[in-house]
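Notes to accompany the following structure.
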Amino acid sequence: ITNAYFEIEKILRRSHRLRPDQENDFYIQSQSDYAAARQETTETMTYLLAGVALVSLLVGGIGIMNIMLVSVTERTREIGVRMAVGARRRDILIQFVMESVTMALLGGLLGILIGVGGSFGLTEFFGWSTFIAPEAVALSFAFAFVVGLFFGIYPARKASLLDPIEALRWE
């Protein structure tokens, strides 16, 4: 390839009538140059999309935590009643963590459905073929689970640490 490059350069310099002291007024690019540029673009897009996904997960997690904190506040009396009839702190903790994880998994499912639908819609529109990797779908559910678990622990802990007597007085 190197010999071909120099041969093409020599021919182009002659056809462009360039003197030996002049720089080339053209650029020669090989197939491997195109492949390297495409690979670099793909990597950049991957990092960009990963960053967007990370921000989305963070915002979604904070949203879940806020909803769960409001839920704890609104259900303070219910928590007090449950504790008064024998629910342990652990039971309350598990209940709120499960609600948080369920909310995150439902949000993840909705996101996956929108993503897959959008992907099929765009590829159909442009006449491309598409492939949805099952591993990506499984990873999406795993991330949704982790987000629900991580961002649900604080509200669940807050609910489980409520004083039952104070919770029963709550209006």
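A Cβ is built for glycine as well, from the same backbone N, Cα and C atoms used for every other residue.
Residues or ranges marked as transmembrane segment in TrEMBL: 47-72 (among others). Residues 79, 96, 99-100, 103-104, 107, 143, 147-148, 150-152, 154-156, 158-159, 162 of the same chain sit 6 or more residues outside the transmembrane segment (47-72) yet have a Cβ under 8 Å from a Cβ within it.
Counting residues of the domain 'ABC3 transporter permease C-terminal' (52-160) by DSSP class, helix then strand then coil, yields 97 helix, 0 strand, 12 coil. TrEMBL lists 52-160 with the feature domain 'ABC3 transporter permease C-terminal'.
What TrEMBL records for 92-116 (among others) is transmembrane segment.
Among the features that TrEMBL reports, transmembrane segment is placed at 136-154 (among others).
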